[in-house]
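*Asks:* OK, TrEMBL features for this one:
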- 34-307: domain 'Septin-type G' (DOMAIN)
- PHE156: site 'Important for dimerization' (SITE)
- 317-393: region 'Disordered' (REGION)
- 317-326: compositional bias 'Basic and acidic residues' (COMPBIAS)
- 341-382: compositional bias 'Basic and acidic residues' (COMPBIAS)
Amino acid sequence: RSTSSRFRPFPDQDKEYVGFATLPNQVHRKSVKKGFDFTLMVAGESGLGKSTLVNSLFLTDLYKDRKLLNAEERITQTVEITKHTVDIEEKGVKLKLTIVDTPGFGDAVNNTECWKSVADYIDQQFEQYFRDESGLNRKNIQDNRVHCCLYFISPFGHGLRPLDVEFMKALHEKVNIVPILAKADTLTPTEVKKKKFKIREEIQQYGIKIYQFPDCDSDEDEDFKQQDQELKDSIPFAVIGSNTVVEAKGKRVRGRLYPWGIVEVENSAHCDFVKLRNMLVRTHMQDLKDVTRETHYENYRAHCIQSMTRMVVKERNRNKLTRESGTDFPIPVIPSTTDTETEKLIREKDEEVQRRHSEHEPEHEHSHDEHSDRPLEPHSDLGLDPGPEPEAS
């Protein structure tokens, strides 16, 4: 198609039509062509239905190659980080979904600081993105930052355990935490309400920052406002996962069959599975990514830049003191805890500049000495007469 026809106005457009109203369509077209990515972390002790819920959410089997450990192997098991990536396409929209699992979390007898490997993994993804962003090939950056963490809370107990509080307080500044009340089919509706209230109360009591749903705009319709309020009231989401299709009242549904009845996964009267799926996929996926980029990653990035700046200042002060003292004895410097490749490169560049500066100093001093030893001559070129010499008395 020619350039002239590409920008030719449509028949129903008047002469005052400029065309920037089509910008959203251009952004949509470009975004769909590029595709989307989303990284979801699931954390919680074994047996709470994490794998089943993830498969139910995205209608795929991400754990078909997983090896189940026996009781003896679980005793010595440590917390590991496993990634499962799958490409999903729906109505022409491509999504690269990455599920980060934490097998072994909370399964040991002593679970002290078992969350450290999870926090280290999140920091590693931030660090890798920071390096790529500071490099040359910024066009093809892979975003592997964790956008959301579903933390599964056991239904057996009275609210949050000490491990739950420790985990969420350690990670709430690094990732969007969405609490999940697992295996809701083991509780009665009254018990679910009581546990939800207790968990929300303890989250506020311990100062835990979970993911906050954005406030609705004033021009939003009432249905959306009501749906958003229902999501906020559903925290923590009481969910049931199942990949089994059963027959109920003449129709096939995903659920679990019990002697006293059938619990349906996608029935809002039975659990919050549909609300959780709508929040993750249909309404708040982009906001989760925005909060990760604008809040959690920016905090990490600012911390890295401040650390590098302090290190550069220390190195410059060290070099200055070395030159002024005229001694070769090294001056001790407190080592930096975040010695990354980027920081090493900055230090090497700074040392190179200092070395070049010291090489040019002798040349400058030698040139200055030559000019100082030369006798002063009359400024004949300026037409200045030095005048007659004084007569001897």
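Cβ from N, Cα, C; glycine included.
Just so it is clear, the model here is predicted, and its values are computed rather than measured.
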*Asks:* For PHE156 (site 'Important for dimerization'), just count the other CB atoms lying within 10 A of its CB, please.
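*Replies:* I get 11 for this one.
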*Asks:* As a test of reading the model: what is the averaged pLDDT for the domain 'Septin-type G' (34-307)?
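*Replies:* Summing pLDDT over the domain 'Septin-type G' (34-307) and dividing by its length gives 85.
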*Asks:* Look up PHE156 (site 'Important for dimerization') in the DSSP assignment and report helix, strand or coil.
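*Replies:* Its secondary structure by DSSP: coil.
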